[in-house]
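As annotated by Swiss-Prot, NAD(+) binding site applies to 71-76, 105-109, 129-130, LYS142, LYS151, 169-172, with the evidence given as sequence analysis. Swiss-Prot lists GLU184, HIS247, HIS264 with the feature Zn(2+) binding site.
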Amino acid sequence: MMKQIQVDLGERSYPIYIGQNLMNDSEALSRYLLKKRILIVTNETVAPLYLNQIQEVMVSFGEVESVILPDGEQFKDLAHLDAIFTALLQRNYGRDSVLVALGGGVIGDMTGFAAACYQRGIDFIQIPTTLLSQVDSSVGGKTAVNHPLGKNMIGAFYQPQLVLIDTQCLHTLPAREFAAGMAEVIKYGIMWDGKFFQWLENNVQALKRLETEALVYAISRCCEIKADVVSQDETEQGVRALLNLGHTFGHAIEAEMGYGNWLHGEAVAAGTVLAAQTARSLGLIDESIVCRIVQLLQAFDLPVSAPESMDFDSFIQHMRRDKKVLGGQIRLVLPTGIGQADVFSQVTESTLEQVICCA
């Protein structure tokens, strides 16, 4: 069972393939890799699990080499980006080469940014191995590295040639990482598709058991939504901003606690609850909607409150650096119901302080 979704961006359009054991499907990969020099970028966790397997498939297309980076958000920086450039330069890779991102969101973001920059742009494909990267970061062309003063502050919009999603990878994913990915899955239901949110409420156990049919449906629905949004607004000038539900608060948590201490999805989960509580305080939603959001996040063992060590001042200093800030105004994506959200720029700091201090 393989599902195909198209991201429509004119001449930069590309497919997303979703199914089980797709990493062994040479036909799906051949169009993008035949007679190419291939550099696989992966990390120390994923390499022992899947690097040999994917190399054996790709070696029939051309020369295949790899670079293995440390695993973790704390390594998503310029120093480790440079390791990719060094590998490309030392091995004389040209513009006809292809980078392959084999890993989670960190590997995908860094590989994509390296592809965007190297010789002013070379092809890359995404083979995401975590749920979070499968449903979110591998689709849409956002690539970046972190800076000590902010997450994803140095990057580019650069689309892959292909996204290949193999649900079998989720069977080797730690439970905490799977839960973190579910935060992004739930986000899609809150900000775009109320029926999908209800489906998630009714299929918690099937997803936690990693049932293939449930996984393929959930991942496909997320990718359909992401593809639709990106096709309308590739560079986040409008509707794409809705995909940042929970992220302004979440990025503040990640930055304050130190990248890697809270997983991105965990921070987004807590941030989504804060966004819902802010919406409730503004009269946009009622308490019953906040409760549904909290209960679904808790069903997947996700945090629903910020770290106790974080106060309003620590939140606001990071939120003021958020990429969505315009004219000095913090802009928040807030739910206006289950299945809908909007961007608000007139939320006062006193309102935020009340929400954060009472959370």
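Using N, Cα and C of the backbone, Cβ positions are placed for all residues, glycine too.
Taking GLN74, GLY105, CYS169 as the binding-site residues under consideration, the smallest Cα distance to HIS264 (Zn(2+) binding site) is found for GLY105. Residues LEU132, ASP136, ALA183, LYS187, GLY246, GLY250, GLY265, ALA267, VAL268, GLY271 surround the recorded Zn(2+) site, their Cβ atoms falling within 8 Å of the Cβ centroid of GLU184, HIS247, HIS264, which are themselves excluded.
Taking only the Cα positions, the spacing between CYS169 (NAD(+) binding site) and GLU184 (Zn(2+) binding site) is 18 angstrom. Neighbour counts of Cβ atoms within 10 Å were taken for the binding-site residues GLY105, GLY108; the minimum is at GLY105.
Taking the C-alpha positions, the distance from HIS247 (Zn(2+) binding site) to THR172 (NAD(+) binding site) comes to 27 Å. Neighbour counts of Cβ atoms within 10 Å were compared for the binding-site residues GLN74, THR130, THR172, and the top value is held by THR130. You'll find the Cα of GLN74 (NAD(+) binding site) roughly 20 Å from the Cα of GLU184 (Zn(2+) binding site). There are 27 other CB atoms within 10 A of the CB of GLU184 (Zn(2+) binding site), with all protein chains counted.
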